[in-house]
Protein chains: 2
Amino acid sequence: MTKIEELDLQAQRIVRQAGKNAYEKMDNGYQVDTKTNYTDLVTTIDRENEQFINQQLRKIDPNSRILSEEGFGDKRILDLTGHIWIVDPIDGTMNFVKQHNNFAVMLALYIDGIPTLGYIVDVVNNHLYHGRHGEGVFKDDQQLTPPANLGLRESLLAMNRTLTLGDNPLLKRVAKEAMGLRMYGSAGIEMIGVLTGQLGGYISNLKPWDLAAGRMLAEELGLVVKSIDGSSINVLSSNLVLVATSQVSRDIRQIIN
Amino acid sequence: MTKIEELDLQAQRIVRQAGKNAYEKMDNGYQVDTKTNYTDLVTTIDRENEQFINQQLRKIDPNSRILSEEGFGDKRILDLTGHIWIVDPIDGTMNFVKQHNNFAVMLALYIDGIPTLGYIVDVVNNHLYHGRHGEGVFKDDQQLTPPANLGLRESLLAMNRTLTLGDNPLLKRVAKEAMGLRMYGSAGIEMIGVLTGQLGGYISNLKPWDLAAGRMLAEELGLVVKSIDGSSINVLSSNLVLVATSQVSRDIRQIIN
């Protein structure tokens, strides 16, 4: 077994365990705080889960660096050399708190900037979406086939609230032209939608931990992951990202360019 | 057993069977047509399911009238006297076709205008939400407790695409002020969200078959079901409807009045 294969197996175990932790505690036994405003939530489970994941990663890959949402990772990661693990201990915290559904645990490994391992746990439905660079994408044990290359008018599109209600008339046209518009409130759940063909595209402002795993898995399936203006992604910063079939991506660029 | 209790049991059997029909055929074995435009879909399963439900209703309640989406019911129902069954054979047809998820079968009985029986089948998760006037609302065998009476800023709100992208600045303010915005593309799934407290409110343009069952169940739980302007609902016509906790309803009326 190669080193990467071994890390892959251990990372699968870690994220499944983190999903189980969140599932067991979601009905009670945690505290909710707000961060920047009343829509920006964090719970003690986000923090516990991040500490758990990071501790485990330090054990299995001691020389790596960790970029994680709640601040228990390494500070000021400014370059992509070596192993960088990117951690979202609960993606869709508002859904976790309000719905007890539609949230995810996400993890990715980038090696010298190359998206190499990716994991999204759909916690409530108990599915792990995972992939290794060049080796395909799996839902649990079952390999996913790349989604059909449909266009915007044949596809459901997910877009976040800020963009949908915002003042950009071109994005509004994109949202109107899609066959239908969806909004689930979790980048992980929306990424799974695109990976499985339930959505033809997803447009959102994404932080590194929202993007890293989904990008790895989407690119592995031949999907397009780009800044909305067509430029390439910097996974260390916030990006306005489109994840889509290549036809949806072309249709959208025709509207916004 | 009263006549209504008997109709209730038989209606539960009918909608569960209709859900099973849709589930078994959703991967293949149907044809998709468009109705008014490329976003307005109907499949042979919608039609088969409606014929099945209506035939069964004719057997168990021969003197009733049936109002149903795909045209196999009674024509020109202009008053609410007697028994009126309202049928949505597949709610969220676009999700049925594109996602194989997030669609519902819905049925309601109104007697002399009073919402008396209501059913929403969450097909893929295999749950039946059902209720009888004065007897509470159940998810399968488990009685639902009324959702906590939270306000708009503590609640997720669902709103459909047309309203979210539309030109009404007050509805936009409502959508911005909610804790979060969601869009699932099925009135049935969105109604379930409000019934279970996963959503604090739902605003949409609803036809009789989109509204009838959810309205019955929501009112039974003490939720508010009103036209967005506060006027009462006419279940025989299209309505711009708000289904919400009473506090969300008050918060929204404060914004739009």
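Yeah, the Cβs are placed from backbone N, Cα and C, and that goes for glycine too.
TrEMBL labels come from automatic prediction, so no person has curated them.
Going by TrEMBL, these are the annotated features:
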BINDING   A:Glu69, A:Asp88, A:Asp91, A:Asp210  Mg(2+) 1 binding site
BINDING   A:Ile90  Mg(2+) 2 binding site
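Shown here: features listed in TrEMBL, placed on the structure.
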residue	record	Cβ contacts under 8 Å, 6 or more apart
A:Glu69	Mg(2+) 1 binding site	A:Asp46, A:Glu50, A:Val87, A:Asp88, A:Pro89, A:Lys207, A:Trp209
A:Ile90	Mg(2+) 2 binding site	A:Ala22, A:Thr43, A:Ile45, A:Asp46, A:Asn49, A:Phe96, A:Phe103, A:Ala104, A:Val105
A:Asp91	Mg(2+) 1 binding site	A:Phe103, A:Ala104, A:Val105, A:Met106, A:Ser186, A:Ala187, A:Gly188, A:Ile189, A:Trp209, A:Asp210
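Counting every protein chain shown, the Cβ of A:Asp210 (Mg(2+) 1 binding site) has 26 other Cβ atoms within 10 Å. Over all protein chains present, the Cβ of A:Asp88 (Mg(2+) 1 binding site) has 32 other Cβ atoms lying within 10 Å. According to its DSSP assignment, A:Glu69 (Mg(2+) 1 binding site) is coil. Summary of the Mg(2+) 1 site environment: with the site residues A:Glu69, A:Asp88, A:Asp91, A:Asp210 set aside, the chain residues having Cβ atoms within 8 Å of the Cβ mean position are A:Val87, A:Pro89, A:Ile90, A:Met106, A:Ala187, A:Gly188, A:Lys207, A:Trp209. Classification of A:Asp210 (Mg(2+) 1 binding site) by DSSP places it within a helix.
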